[in-house]
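A.B. asks: Quick one: this structure, given as structure tokens, is what I'll be asking you about.
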Amino acid sequence: LLLDLLPPGVCNLLNPAAIYANNEISLGDVEIYGFDYDYTLAQYSNLLHSMIFNTARDILIEQFKYPEGLGKYDYIPGFAIRGLHYDVQKSLLMKIDAFHYVQLGTAYRGLKPVPDEEVIELYGGTQHIPLYQMSDFYGKGPSLKQFMDIFSLPEMTLLSSVIDYFITHGIEFDQVHLYKDISDAIRDVHVKGVMYKWIEKDMEKYILHGDEIYAVLNRLVNHKKKLFLITNSPFSFVDKGMKHMVGKNWRDLFDMVIVQADKPNFFTDRRKPFRKLDDKGSLQWDKINQLEKGKIYKEGNLFDFLRLTGWRGSKVLYFGDHLYSDLADLMLRHGWRTGAIVPELETEIRIINTEQYMHSLTWQQALTGLLERMQMYQDAESKQVLLEWMKERQEIRSLTKNLFNPQFGSIFRTFHNPTYFSRRLVRFSDIYMASISYDVNFTFYPRRTPLQHEAPLWMDQLCTGCMKTPFLEEMVHIR
């Protein structure tokens, strides 16, 4: 039956390298392109996560005097996914959907899953987490922290490993102190420049996609577009990375380069003025009255940036990987167009394109249709059948989740709802893609997708290219 439902070629419908639109945007109207550096222009190999984990773990042992037994823990690639929330007081790492519900089966304390019943009990008999607990605008709420940065994957794994050690050895710990110590250890890896030294020492090992970046930037400059870079990384690190990817004259492509910008404060705080750096990265003392092409600037703020450049509104398109720190303020407060770089997209689309995923999804939809249609029958035999279908549907959902990540599933979906991450992606980005790739005169038209009350219109031929699912015609009449 499933093979009959899947048209030929359906398993290659999605292109992992494509650009996907949340909002209509014409690139012909964009005159100025801005970029973040880390995980936007520079994509890093997963080896970097192991190095961050190991170094932060050693900082905990040597400087914070944590138990030496932690040294036995190594980084677990693929344990965590981006967009998870951590409840500091309950030591729970979990995935939350767009409606503030914890996805059952995705709550972990340490390296072990927490039973669904315990999760519901911990939150007062519900899976729902109220807004005031969830997070502030940047995902750093009073009791829940959201991990939106790709660099946070080793942090989540270290957090889980340390908790696992303490629980396994029956050691009591203060949840707030533990979270802060681990955050500080991870921060030290970045702030003290350890990570920068590894990457600078072995560019080939850590940096990916150099040729693509050069091609995109060059194409934009050849079409008379203005380019700028705003990054939190230091100049020497960015300079070496860009020379590796783009060439020694990389700065000729950019009208402006701003380093150590302190985003997201760069976008919201007016206090820090720009400072100029010389070609060796040393600070200059003169007052900045204009931003000159070919010069390097440090710190500053967006309000001075706008005043000195006159670059405003929808003629500016800025790319970044962090939905909060890079994109949110630019879109909501300043009306810039935004592009989110989501490296995980490539892997997830490859999974979506597999026959196994398409089979699972199609049969889930079919079972859901059956459950919806047959629930009117209340005799004992029918109820038994419905229970079996519900059990089968749940099993298929779990199998589908495991295709992406055995612990937490897809970064974009819970079983059927968008994730909290996914909702923010739609809210803060006009377009999103796995890595920088571009055309200069293309218009992106997001597909009109059905609201629930419009769904019957999409159920058959009216939706071009959609798969026919059994029982949809009958469901239209039921609706």
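Each Cβ is built from the backbone N, Cα and C atoms, and glycine gets one as well.
Because TrEMBL annotations are produced automatically, they should be read as predictions rather than curated entries.
According to TrEMBL:
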type	residues	note
ACT_SITE	Asp36	active site, nucleophile
BINDING	Asp36, Asp321	Mg(2+) binding site
ACT_SITE	Asp38	active site, proton donor
BINDING	Asp38	GMP binding site
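Can you tell me where each of these features sits in the structure?
C.D. replies: Taking a C-beta cut-off of under 8 Å and a sequence gap of six or more, Asp36 (active site, nucleophile) has these contacts in its own chain: Leu229, Ile230, Thr231, Lys263, Tyr318, Phe319, Gly320, Asp321, His322, Asp326, Ile341.
Using a 10 Å Cβ-Cβ cutoff, Asp321 (Mg(2+) binding site) registers 23 neighbours.
Other Cβ atoms within 10 Å of the Cβ of Asp38 (active site, proton donor), summed over all protein chains shown, number 23.
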